[in-house]
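Undergrad: Reproduced below are the annotations present in Swiss-Prot:
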- Ser9, His50, Thr51, Ile52, Glu64, Thr65, Arg66: glutathione binding site (BINDING)
- 1-80: domain 'GST N-terminal' (DOMAIN)
- 86-206: domain 'GST C-terminal' (DOMAIN)
Amino acid sequence: MDLYNMSGSPSTRAVMMTAKAVGVEFNSIQVNTFVGEQLEPWFVKINPQHTIPTLVDNLFVIWETRAIVVYLVEQYGKDDSLYPKDPQKQALINQRLYFDMGTLYDGIAKYFFPLLRTGKPGTQENLEKLNAAFDLLNNFLDGQDYVAGNQLSVADIVILATVSTTEMVDFDLKKFPNVDRWYKNAQKVTPGWDENLARIQSAKKFLAENLIEKL
C-alpha cells in the first residue's frame with residue numbers, strides 16, 4: 001500500500017495516526033510540494049487533482065485526508081469503534097470532520113501556512129477567524145473527553161493532527177481550556193502520537209531553518 005505524502009503536513013499525520021490505530025503500514029513516498037513535485041506528470045496520472053496525501057491500495061486510489069481515514073477504518077479496522085455504523089454517531093463524526101476541513105484546518109492554514117512561504121503569519125482577520133474556530137471546538141468539548149461522542153474516533157485523530165500543528169508556532173491553547181484538556185488526553189490515547197510529534201519536530205526544524213533564510 002503506497003502513501004504519497006509530505007511527512008510533516010497535518011493531513012499526512014492524520015492518515016499516519018489512523019493507519020497506526022488500525023494496524024496498517026504504508027510504503028511512504030514523499031512528494032515535495034514546495035518544489036512542485038505534485039504537478040509532475042507521473043503524479044498527476046495517479047491523482048489528477050494533484051493533492052497529497054494520496055493512497056494507492058492495490059488498484060484502488062483515493063485522496064482527500066478525511067476520505068482516506070474513513071476508508072482505512074472501514075476497510076482495515078478490527079471493529080467499528082473509530083467510525084461506528086450507527087447512523088447518528090457516524091453523522092456526528094462526519095460533522096466534526098467537515099468542521100475540521102472547512103473551519104479549523106482552514107483557519108490554521110490561512111494564518112500559519114504563510115510562514116512557510118513568506119516568513120510571516122496571516123492577517124489579523126485570519127487570526128480572528130482561527131480563534132473563532134477554536135472557540136467552536138472548545139464549545140464542542142464542553143463536558144466531553146472526545147470531539148464526537150464518548151470514545152476515541154477518527155474525528156479525534158484528524159483534529160488532533162490539525163491542533164498539534166500549533167506545536168510548530170507560538171499559539172497558546174490554554175485560552176481554550178476544553179481544547180487544552182482534550183489535547184493533553186488525546187496525546188495519551190491516540191495510537192501513533194509519538195510518531196506524530198516527531199514529524200512535527202522535524203517540520204518545525206525545517207520551518208526554523210527556512211525562516212532564517214527569509215528574515
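Cβ from N, Cα, C; glycine included.
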Undergrad: Highest Cβ count within 10 Å among the binding-site residues Ser9, Thr51, Thr65: which residue is it?
TA: Thr65
Undergrad: Where does the mean pLDDT land for the domain 'GST N-terminal' (1-80)?
TA: 96
Undergrad: Just counting, how many other CB atoms are there within 10 A of the CB of Arg66 (glutathione binding site)?
TA: 21
Undergrad: Return the count of C-beta atoms lying within 10 angstroms of the C-beta of Ile52 (glutathione binding site), excluding that atom itself.
TA: 23
Undergrad: What residues, ordered by sequence, lie under 8 A Cβ-to-Cβ from His50 (glutathione binding site) and sit at least six positions away in the same chain?
TA: Gln38, Leu39, Phe43, Val44
Undergrad: If the glutathione binders are Ser9, His50, Thr51, Ile52, Glu64, Thr65, Arg66 per the record, what's the largest distance between their Cα atoms, in Å?
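TA: So the binding residues stretch over 16 Å, Cα to Cα.
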Undergrad: Within its own chain, what residues at least 6 apart in sequence put their Cβ under 8 Å from the Cβ of Glu64 (glutathione binding site), listed in sequence order?
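TA: In sequence order, the residues whose Cβ lies under 8 Å from that of Glu64 (glutathione binding site) (at least 6 apart) are Thr51.
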